[in-house]
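Asks: My questions all concern the structure below.
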Amino acid sequence: MSRDTIVAQATPIGRGGVGILRVSGPLAQQVAEQVLGKTLTPRMANYLPFKDSDGSVLDQGIALYFKAPNSFTGENVLELQGHGGQIVMDLLLKRILQIDGIRLARPGEFSEQAFLNDKLDLAQAEAIADLIEASSEQAARSALKSLQGEFSNKINELVDSVIYLRTYVEAAIDFPDEEIDFLADGKIETHLREIIAKLAKVKNEAKQGAILREGMKVVIAGRPNAGKSSLLNTLAGREAAIVTDIAGTTRDVLREHIHIDGMPLHIIDTAGLRDATDEVEKIGIRRAWDEIEQADRILLILDSTENQVELDLVRSEFMAKLPPHIPLTIVRNKADLSGEAEVLNEQNGLTVISLSAKTQKGVDLLRQHLKQSMGYQVCTEGGFLARRRHLEALEQADIHLQAGLIQLTEFYAGELVAEELRIVQHHLSEITGQFTSDDLLGNIFSSFCIGK
């Protein structure tokens with residue numbers, strides 16, 4: 001790995017009460033000697049002036065030095081905590097970069113150093129970014145659990161079980177003349193089924209973590225004046241969209257970020273769908289369809305006071321244009337005017353909810369439906385956060401475990417069982433970074449903040 005000494009601002013760019021510069025690498029102590037005029041004792045706070053190359057004082061603050069390997073990155077680390085003015089931070093950063101052998105850190109490079117120095121695994125490194133970006137208390141708590149190793153521990157337990165079983169299978173292959181037929185005695189099958197059950201549990205928890213991290217994109221669609229913007233306002237709990245009796249009031253895409261019991265929802269209100277002649281409205285309708293095609297779920301809003309034949313036509317025309325893979329929920333709005341009961345039922349394979357966005361009756365039915373449609377389960381203790389790549393790795397591991405079970409129970413093919421288990425181990429180890437390509441590492445860490 002690179003032994004460069006890197007520096008970056010660890011606090012957000014802009015003005016604040018405190019600004020922190022972080023230096024990591026072999027030359028961290030040399031930076032302290034040149035900028036502070038003093039050799040620092042590890043893990044001791046020092047209040048000192050920060051000096052320019054000509055000896056003039058740039059700022060004064062607290063300096064902390066951590067000697068490798070006892071630091072976040074596993075390298076020598078120096079932190080300078082000064083006043084948070086951006087000019088001051090820039091001057092101090094410029095001063096440090098004048099020292100030979102020091103360069104500006106790439107995004108996520110401090111966390112990458114920590115990963116490469118075995119201070120944390122890849123799932124924990126990703127949890128740092130997730131904790132910073134958490135949009136709810138539950139997401140933050142779950143990210144912290146991942147950072148503390150809860151997710152990694154579950155993966156490592158699975159890997160250990162797979163390694164144990166691989167050893168057992170390969171022993172059966174290497175010693176075929178033993179009196180006991182290890183492949184047929186039932187022990188390998190029992191262990192394999194136990195691993196499959198454990199993996200299923202971790203997959204379910206990871207799915208919850210992915211929902212908590214990434215949320216669900218819900219697009220509200222329908223004809224003008226059906227009550228789309230009113231529903232957006234009701235779900236958001238504020239007047240996010242202008243609501244009038246004039247058809248076509250909403251002409252552009254409106255976005256709101258909300259939470260339902262900790263589950264993040266990206267709610268998108270769109271222009272009313274109709275044959276428009278106004279050029280601006282046409283653009284809004286094109287954008288509406290762009291959002292519809294990228295949605296996790298569509299809420300088609302119908303005005304329940306209109307003629308049922310007309311509503312059936314609206315629904316059939318919309319469904320004819322809708323990409324087949326996108327889930328659809330029918331919302332019959334204005335139940336307070338039509339006299340419909342606020343209920344949820346199934347019709348022809350579609351969920352239909354009658355509600356009133358104006359009075360908010362029946363809206364809780366919609367909230368519960370959105371949670372259930374994503375498979376989200378409220379966990380008061382908090383789980384761990386997971387990413388799509390984690391889910392994909394777990395899914396691949398499950399596929400190869402099932403394949404291994406078939407090879408064992410139907411064909412007694414020990415070599416093929418061992419190969420499937422090797423592939424399972426590889427996919428699981430990708431999650432923690434034990435087996436990970438350099439390209440994947442680059443993609444992951446490049447999405448981090450500069451000073452992380």
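Quick reminder: no glycine exception, Cβ is built from N, Cα and C everywhere.
Pulled the feature table from Swiss-Prot, pasting it below:
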BINDING   Arg22, Glu79, Lys119, Lys452  (6S)-5-formyl-5,6,7,8-tetrahydrofolate binding site
BINDING   225-230, 244-250, 269-272, 333-336  GTP binding site
BINDING   Asn225, Thr244, Ile246, Thr249  K(+) binding site
BINDING   Ser229, Thr250  Mg(2+) binding site
DOMAIN    215-375  domain 'TrmE-type G'
Asks: Within 10 Å of the Cβ of Thr244 (GTP binding site), how many other Cβ atoms can be counted across all chains shown?
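Replies: For Thr244 (GTP binding site), the count of other Cβ atoms within 10 Å is 10.
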Asks: I'm trying to understand the geometry here, so how far is the Cα atom of Glu79 ((6S)-5-formyl-5,6,7,8-tetrahydrofolate binding site) from the Cα atom of Ser229 (Mg(2+) binding site), in Å to the nearest whole number?
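Replies: Cα-Cα distance, Glu79 ((6S)-5-formyl-5,6,7,8-tetrahydrofolate binding site) to Ser229 (Mg(2+) binding site): 49 Å.
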Asks: Go through Arg22, Lys119, Lys228, Lys334, Lys452, the listed binding-site residues, and name the one with the sparsest Cβ surroundings, counting other Cβ atoms within 10 Å.
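Replies: Among the binding-site residues Arg22, Lys119, Lys228, Lys334, Lys452, the lowest count of other Cβ atoms within 10 Å belongs to Lys119.
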Asks: Quick one: Cα separation, Lys119 ((6S)-5-formyl-5,6,7,8-tetrahydrofolate binding site) versus Ala271 (GTP binding site), in Å?
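Replies: Taking the Cα atoms only, Lys119 ((6S)-5-formyl-5,6,7,8-tetrahydrofolate binding site) lies 50 Å from Ala271 (GTP binding site).
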Asks: Using only the residues recorded as binding (6S)-5-formyl-5,6,7,8-tetrahydrofolate (Arg22, Glu79, Lys119, Lys452), report the maximum Cα-Cα distance in Å, whole number please.
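Replies: Answer in Å: the longest Cα-Cα distance is 18.
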Asks: Over the domain 'TrmE-type G' (215-375), work out the mean pLDDT and round it to an integer.
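Replies: The average pLDDT of the model in the domain 'TrmE-type G' (215-375) works out to 92.
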Asks: Ten-angstrom check, please: count other Cβ atoms within 10 Å of the Cβ of Ala271 (GTP binding site), all chains counted.
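Replies: Total other Cβ atoms inside 10 Å, all chains included: 27.
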Asks: Taking Cα atoms as reference points, rank the binding-site residues Thr244, Ile246, Ala271 by distance from Arg22 ((6S)-5-formyl-5,6,7,8-tetrahydrofolate binding site) and give the first.
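Replies: Of all the candidates listed, Ala271 is nearest in space.
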Asks: Measuring Cα to Cα, how many angstrom lie between Lys228 (GTP binding site) and Ile246 (K(+) binding site)?
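Replies: That separation, Cα to Cα, works out to 13 Å.
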Asks: Report the member of Asn225, Ser229 (the binding-site residues) whose C-beta atom has the most other C-beta atoms within 10 angstroms.
Replies: Ser229
Asks: If the (6S)-5-formyl-5,6,7,8-tetrahydrofolate site is taken as the center of the Cβ atoms of Arg22, Glu79, Lys119, Lys452, which further residues of that chain fall within 8 Å of it by their Cβ?
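Replies: The answer, listed by sequence position, is Ala10, Ser24, Ser71, Phe72, Thr73, Val77, Phe110, Ser111, Ala114, Gly451.
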Asks: Give the three-state DSSP assignment (helix, strand or coil) for Ser229 (Mg(2+) binding site).
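Replies: Ser229 (Mg(2+) binding site) sits in a helix per DSSP.
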Asks: Compute the C-alpha separation of Ser229 (Mg(2+) binding site) from Thr250 (GTP binding site), stating it in Å without decimals.
Replies: 8
Asks: What does DSSP assign Ile246 (K(+) binding site), in three states?
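Replies: For Ile246 (K(+) binding site) - judged by DSSP and reduced to three states - the answer is coil.
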Asks: Rounded to an integer, what is the Cα-Cα distance in Å between Asn225 (GTP binding site) and Ile246 (K(+) binding site)?
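Replies: Computed Cα spacing between Asn225 (GTP binding site) and Ile246 (K(+) binding site) is 7 Å.
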Asks: What Cα-Cα separation, expressed in whole Å, is found between Ile246 (K(+) binding site) and Lys334 (GTP binding site)?
Replies: 16
